[in-house]
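What follows is a single structure, written as structure tokens, with notes after it.
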């Protein structure tokens, strides 16, 4: 089992890095504003048709464009979901969503969270899936990448007042990165057996003679961007454990690679854009080290399983509950860590059925801000916040003004960094407390004990950190839960983006100073250790008390 786990992790990472390096070079060209071969004329025509001026924006205009773009997307998606009963491509005649579910869903997909308080096959029409949810899968991913582009330019430029053009970044990322790769992945999924049609649901008779319905729909096209854009919202309620979404072991691997592809590529792009590839590799190494340790822990917890199984006559204590037999424990464990390390949230197994420790690791990966690869764009700018915090701590220890890539980190940057890092923990802890203190919050809990608290903590952690996965065991389609989670999703997304853009504007205006003998190298093993320690320390100090009340207590009750 250990050898199989090692081979699975090693082969996954090798293929990932081989794919991410060339994509990183493409992203670096987009960051630098270089014209891509063969598309320059297309872009110029597009700017003219759309009325996009090619002048660059300062950080305030860039931020305003991002906020306006996403707010308009929220309004449009909310309207589509409310009115889907009278819109086309609705062969099952599904009615419009309730106002609070429509609001929750619209916020969820615009904020790149894809939390779902509904079952897709019984709630959302084909038109809503394609024109609403799938479109936002592209646009929310492009938003995260655009913000990352702006922050990377801030480190790469000197004495600059602008960070690029938001409209051009959103358009170029969508047209030349997200759409082509999604098309390739979608065609591969169709070849492997994922469905892509507009048929009405198909009736069939089971072996027991019961009549049931097979849901249909344009699944493969949405599945591709769902994974590539670290969105995660499933076409069906079973998400990537459904054979129509994830039909084979090969598609399972491709889905995991798609989740990490752009976050890993952005690390390479960062190194290329700032003129020092070692800087990007240091961040990538930090992410990889934490990721490998977390995967190993989950695999160990799930293969060790529940010792009480043996006393009840089971052949093995290994925990196969809630997992697809065609994927098994190792692939399910790897998928769980990949989807929660990134802000994806897609699942090929039910996280609620993992062991206490096996479920705690995915929860903790979300709680530290999903900076271990993380979401497209958001993972890199989230980790760069920890980089700034790490060099600040190092500067305090050696008595020097902290600096990164030659740029001094002043009070303004540290205030914004602290604000961005503290937003999601505050939302998680306050949201969980509110849910546990109110009758409306507790009414949604199917498990009132220790595990019930873990389910609530997981749900709010998932929403505030824009992941979207769930433990289950929670009746979330109520006004209280829909509004609470919508609040956490929206502000967990944009109250981080706002200080990140402020940091970008401040850093872009600074000149890079040449390195001196006392400058902390930010590309070696020492810095990788410092950055890893910073991430772990912040996560430990913030969430250990809450985790002790949930999964830790549950584990201790199991082994006592």
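Every residue, even glycine, has its Cβ placed from backbone N, Cα and C.
Copied over from Swiss-Prot, here are the features:
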TRANSMEM  6-26  transmembrane segment
TRANSMEM  63-83  transmembrane segment
TRANSMEM  132-152  transmembrane segment
TRANSMEM  175-195  transmembrane segment
TRANSMEM  250-270  transmembrane segment
TRANSMEM  282-302  transmembrane segment
TRANSMEM  327-347  transmembrane segment
TRANSMEM  356-376  transmembrane segment
TRANSMEM  379-399  transmembrane segment
TRANSMEM  416-436  transmembrane segment
TRANSMEM  483-503  transmembrane segment
TRANSMEM  524-544  transmembrane segment
Long-range Cβ neighbours of the transmembrane segment (483-503) (under 8 Å; 6 or more residues past either end): 59-60, 62-63, 66-67, 70, 100, 103-104, 107-108, 111-113, 115, 117, 147, 150-151, 154, 163, 378, 381-382, 385, 388, 412-413, 416-417, 419-420, 423-424, 427-428, 431, 434-435, 441, 459-460, 463-466, 476
Recorded stretch, among 132-152, 327-347, 379-399, maximising Cβ pairs under 8 Å relative to the transmembrane segment (63-83): 132-152
Selection from 6-26, 250-270, 327-347, 379-399, 416-436, the stretch that has most Cβ pairs under 8 A to the transmembrane segment (524-544): 379-399
Chain residues outside the transmembrane segment (327-347) and at least six past its termini with a C-beta under 8 angstroms from it: 1, 4-5, 8-9, 12, 112-115, 226-227, 230-234, 239-241, 249, 252-253, 255-256, 259-260, 263, 287, 290-291, 294-295, 298-299, 302-303, 318-320, 354, 358, 361-363, 365-366, 370, 372-375, 378-379, 462, 465-469
Sequence-remote partners of the transmembrane segment (6-26) [C-beta within less than 8 Å, at least six residues beyond its ends]: 36, 176-177, 253, 256-257, 260-262, 264-269, 271-272, 280, 288, 292, 295-296, 330-331, 334
Within-chain partners of the transmembrane segment (175-195) [C-beta distance under 8 Å, separation at least 6 from its ends]: 23, 26-27, 30, 36, 39, 138, 141-142, 145, 216-217, 219-221, 223-225, 227-229, 243-248, 250-251, 254, 258, 261-262
